[in-house]
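What TrEMBL says about this one:
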type	residues	note
BINDING	Cys420, Cys424, Cys447, His453, His456, Cys459, Cys479, His482	Zn(2+) binding site
DOMAIN	415-492	domain 'Recombination activating protein 2 PHD'
Amino acid sequence: MSLQMVSTVSNSSLLQPGFSLLNFDGHVFFFGQKGWPKRSCPTGVFLLDIKKNELKMKPVLFSKDSCYLPPLRYPALCTLRSDAGADEYQYIIHGGKTPNNELSDKIYFMSLVSKTSKKITFQCIEKDLGGDVPEARYGHTINVVHSRGKSMSVLFGGRTLAPLAQRTTEKWNSVVDCFPSVFLIDFEFGCCTSYILPELQDGLSFHVSIARDDTIYILGGHSLQNNTRSPNLYKLKVDLPLGSPAVTCTILPGGISVSSAIVTQISDTEFVLVGGYHSDNQKRLACNTIVVEDDKIEIVESVSPEWTPDIKHCRMWFGCDMGKGSVLLGLPGANKQVIPDANYFYILRCKGPEEDKEEELITQICSQTSSEDPEDSAPFEDSEEFCFSAEASSFDADNADTYNEDDEEDESETGYWITCCASCNIDINTWVPFYSTELNKPAMILCSSGAGHWVHAQCMDLSETVLLRLSEANVKYFCNKHVDLNRGLQTPQKVVCLKKPPMKPLHKKKTMKLSTSTKKSILRRLFE
């Protein structure tokens, strides 16, 4: 084993506990940032570009027929192949935590669509399931088993939100162990079946699972109810005959009491167990080699790498399997980094020196196209919520896409991703939900001009209140372009009212008051 520190990491604050790594054709992709993605990378998926011990993150695109994938931390994921020996595969992603601390019960399929020297495109599809659908959860595992020429996925463990009756305002996000049921998922027919096995009494989360053919081995894990880490080693065997499937469980000796450990595969039958915790405050620095052959499993302690003082003395660590016998380990930055929220990372290679050299040569060959770029991707700025604040202009100018007939994609304007007006800025690769009612697609409204056409509500600058009012009321709507043409039909012409000048009030005649002596003098003159 060899331990190597990644000296410079761009956007390291995005890599927080709970992230996941996907390996496609030797390239490692990051998923599950802490915080909602911004327009600089709306997919939330990045290529981890490692050159000269420097880790850079390059955004990845989604195809136009992809669904919206929220950043999920602590999900369950595994690879799915058409058969056990197939080269092409896709990733299954189930559950996990959203940045709002909500738990997901959805399941997604992630596959690589195209890869060029300057652009990588994934396809993400959400699958609908029926039957005994697993509840929303995180910290669980999912594996694929093969039996009698058929394949099924097996889901187990995790934590979920406490029942509403047990939650208070102060502990609204409190979680409990999921019921220890085993779920068989048939993706061909989209159905789930749950099994209750007497050997599985306590719920487990953050455990380790290894699948081979029709068998899954479950190791370690933490139980919230008992606050213990299980020392048991469970063996799940799945039989897929023509009729109903059969699931059996056996408790084997030789388990390890550990949680949050990482497993990486170094050969067809050999795995390495790294990291984890013995207890809440005690890390597990020992490593184990796990050999799975035929119908048996063997766990032996192996030589650990020379851990650095930082790793030995830190309270917590986290990481994920990079594939091909490598593990990415992260430590809290504390006072080591200029940015307090930033973390620093090590790469642990579990293969021998000769295998490491061969792997390094393969990696160099695979990354030759990307190393031809004259400059590396520019780093992005991160907000306090570990979100991107840079725009798409933060990309390297040298990495800008140039026209290539092989890279041309279908630009037909159909469905929700049309150009509704001259100022339309809705694009599948940059769109994020704007209204609370939006999930996977932008909200649209019908303009009643002529034969009618659809426009995006966001492009029309409609507030959410107005949008809801228009959707509920039976009234015609005209977009910004046609509202002037139809204003005469919608509003009657304004009638100018004549203003009459106010009438002046009549003045009273003025009367003079005469004294008594004056009156007498006047009367004398009249009678003289």
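The backbone N, Cα and C atoms fix where each Cβ goes, and this holds for glycine too.
All annotation found in TrEMBL is predicted automatically rather than curated by experts.
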Overall pLDDT of the domain 'Recombination activating protein 2 PHD' (415-492), taken as the mean: 77
Chain-internal residues, separated by at least six, CB under 8 A from His453 (Zn(2+) binding site): Cys420, Leu446, Cys447, Cys479
Binding-site residues: His456, His482 - member with fewest neighbouring CB atoms within 10 Å: His482
Extra residues within 8 Å (Cβ to Cβ centroid of Cys420, Cys424, Cys447, His453, His456, Cys459, Cys479, His482), Zn(2+): Cys421, Ile445, Trp454, Val455, Met460, Asn480, Lys481
Fewest other Cβ within 10 angstroms of its own Cβ, chosen from the binding-site residues Cys420, Cys424, Cys447, Cys459, Cys479: Cys424
